[in-house]
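Some features that TrEMBL has for this protein:
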- 1-89: region 'Disordered' (REGION)
- 1-13: compositional bias 'Basic and acidic residues' (COMPBIAS)
- 42-51: compositional bias 'Basic and acidic residues' (COMPBIAS)
- 125-152: transmembrane segment (TRANSMEM)
- 127-691: domain 'Major facilitator superfamily (MFS) profile' (DOMAIN)
- 164-182: transmembrane segment (TRANSMEM)
- 194-215: transmembrane segment (TRANSMEM)
- 221-240: transmembrane segment (TRANSMEM)
- 252-274: transmembrane segment (TRANSMEM)
- 294-313: transmembrane segment (TRANSMEM)
- 402-422: transmembrane segment (TRANSMEM)
- 549-572: transmembrane segment (TRANSMEM)
- 605-627: transmembrane segment (TRANSMEM)
- 639-661: transmembrane segment (TRANSMEM)
- 667-685: transmembrane segment (TRANSMEM)
Amino acid sequence: MNDEYSKRSYSRFEEDDNEDYPMQGSQDGGYYRGDSQANDDEGGHSDSTEGHDEDDEIYEGEYQGIPRADSGKGSLAGGPGSVKAGAPEFRDIGVSEAERRKDQEELAQQYETILQECGHGKFQWTLYFVLGLALMADGVEIFVVGFVLPSAEKDMCLSEPNKSMLGLIVYFGMMVGAFLWGALADRIGRRQSLLISLSINSIFSFFSSFVQGYSTFLFCRLLSGVGIGGSIPIVFSYYSEFLAQEKRGEHLSWLCMFWMIGGIYASAMAWAIIPHYGWSFQMGSAYQFHSWRVFVLVCAFPCVAAIAALSSMPESPRFYLENGKHDEGWMILKQVHDTNMRAKGYPERVFSVTTIKTVKQMDELEFSAGLLSFSLVFLIHTLQIRNNILACFSPEYKRTTFMLMAVWFTMSFSYYGLTVWFPDMIKYIQKQEYESRTKTFTKEQVEHITFNFTLENQVHREGHYFNDKFLNLKMKSMVFEDSVFEECYFEDITSTHTFFRNCTFIASLFYNTDLFKYRLINCKLINSTFLHNKEGCMLDFSDDFNNAYMIYFVNFLGTLAVLPGNIVSALLMDKIGRLRMLAGSSVISCVSCFFLMFGNSESGMIALLCLFGGISIASWNALDVITVELYPSDKRTTAFGFLNALCKLAAVLGISIFQSFVGITKAVPILFAAGALAAGSFLATKLPETRGQVLQ
């Protein structure tokens, strides 16, 4: 290779040159023609132009790699690993922030142009379905505990406080996971962080289907939530870095549909699996595996499928370029280009980019891998994550971050609060209707009678039962008050919501029953005996089938109702802008809250749930898109993870507050939700519009 060519190549990599990697037009559509020193070891040749002719001429568009230090020329090209002759082996850590920011701005502009050349096609759609599975796993995780709770509470004899904790533990886990994995994804990569987080979710979801105790089940669901918490911040950031500006808003909105699909999948599987109690088995009284555990196992399938599919996908090239890995980023972009061109019928089209801007690194020393201990690597990553978090509150991003925090919090508080309040209100309406049919018996005198049929929804007061037998029966919603049981025999009794208050048992025998002492409130036991009490809480699927079916059906309709809003938001996101979509949807959602006042029946509440979900989804889609676009690539998942963690905290607060008003008043939850949505829509208008801008 002649000297003139070498000088021209190396001059493009000098650190003194303020016009690193200038854009150069060409007749064949090429954008960047950096004629770099040949480097066959890097494996960076274009498949379409690989090879040399007889005179060893370089073909147009052939990538030659970054020149190495041993090439004998003055300096190395392009990146954070540049060293000058005789310089130390670690990079200069005094590179100014201004230079780094300039590099990022130049990379953002060039990266957008490269994505335009790569086009939108087979590669992006493949990645869409792969990342969609990860997002689907997040949607499934939200519904799992709610669907298994009616069965699990019997299997584990859960008290009301334990049920509440089990319902909220997933949100706590997801809050930790969003913060942790979002921060790590900016340091170790989007793909690697997502694989680790999904693996943790799948492992502990699998374990949770087999563990027997409440505490171990709670622990497994907590860690499962920690794992899946990373999916939303990483998935949206990861996918956005493969999308050109004119496609970004629409296709990120299409990606949101997989969260809805996850809810539909969970609802359908719960309806198909949980009521079939014949699928259960047990090993003595110590180990029981009921159908709800099969459902928990099946819910891990989307996560496992996402892990398998993601293993074949590349890392984000933008992440590589932001971290000075030029060749890795170039190879992935070439893969995107070639995959799309072959699918469109243009296999001969050459990827014209040969040199891409990389960002100078400021806070790392480049040592040999063997010199860095694990503790030092951990410390470096911890400090870098801390710096990234603090950077989100720097003067440049402080206002944006606080505004987004307020919008995320208000939307999450109202949305999760109302969506959990809806089913609870439906159950309360069902309970009131059920109690209205309660039969009351007073001062009964029952002697020498055998009860061997189901007793349900009755209240018995001041009765006297002498020498009666209660054999092989079910008691559901039975209350005995101020009654006397003398020489009675109870055998093989299964009970739910059954209590004895201020009763007296004289010379009575309880054999193989689940009438534990906590069901006997202020009762007197005189010469009475309990033998072979049933262990745990016995499951009875038929008793709760209708109630469970309603829970699954309501959630199925609620998630299905999101589909029209999702389609509309995807089609209009790039036409009307993110802010109009976010603020407009929030205002309409706020207005729709007041219609809840008129929901006094099951069908009315279900219809209002569908209406609210279909309207509010557009604001969620817009919020996801605008959050991705407001932060630079090296802080994107950190900021998104922090905001998503705040979202889960707001969800816990909203659920806790709204549930406390079930059966008391409708006005307070509705006013809370409407006020939060109104505040969020107002603050949303103060955010900067990102439509038409390149990805920072």
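Here the Cβ of each residue, glycine as well, is placed from N, Cα and C on the backbone.
Here the transmembrane segment (194-215) has long-range neighbours at 134, 137, 141, 144, 156, 158, 162, 166, 177, 181, 185, 221, 223-231, 234-235, 238, 286-289, 293-294, 296-297, 299-300, 303-304, 306-307, 310-311, meaning same-chain residues at least 6 beyond its ends whose C-beta is under 8 angstroms from one of its own. Here the transmembrane segment (549-572) has Cβ contacts under 8 Å with residues 139, 143, 146-147, 150, 250-251, 253-254, 256-257, 260, 263-264, 266-268, 270-271, 274-275, 419, 422-423, 426, 430, 581, 585, 602, 606, 609-611, 613-618, 621-622 of the same chain, all six or more residues outside its ends. Note: the stretches the transmembrane segment (252-274) and the transmembrane segment (125-152) are in contact (3+ CB pairs below 8 A, sequence gap of 6 or more). Across the candidate stretches 221-240, 294-313, 402-422, 605-627, the maximum count of CB pairs under 8 A to the transmembrane segment (667-685) is reached by 402-422.
Outside the transmembrane segment (125-152) by six or more residues, the chain places 158, 163, 166-167, 169-170, 174, 194, 198, 201, 205, 217, 221, 224-225, 228, 231-232, 234-235, 238-239, 242, 251, 254-263, 265-267, 270, 274, 290-292, 295-296, 299, 302-303, 305-306, 309-310, 313, 339, 423, 539, 541, 544, 547-548, 551-552, 555, 559 with a CB less than 8 A from a CB of the stretch. Through the fold, the transmembrane segment (605-627) approaches residues 232, 236, 248-249, 252-253, 256, 260, 404, 407-408, 411, 415, 418-419, 422, 425-426, 429, 554, 557-566, 568-570, 573, 578-579, 581-582, 584-586, 588-589, 592-593, 595-596, 598-599, 639-640, 643, 684, 687, 690 of its own chain, all at least 6 residues removed from its boundaries and within a Cβ separation under 8 Å. Along the domain 'Major facilitator superfamily (MFS) profile' (127-691), the predicted structure has mean pLDDT 82.
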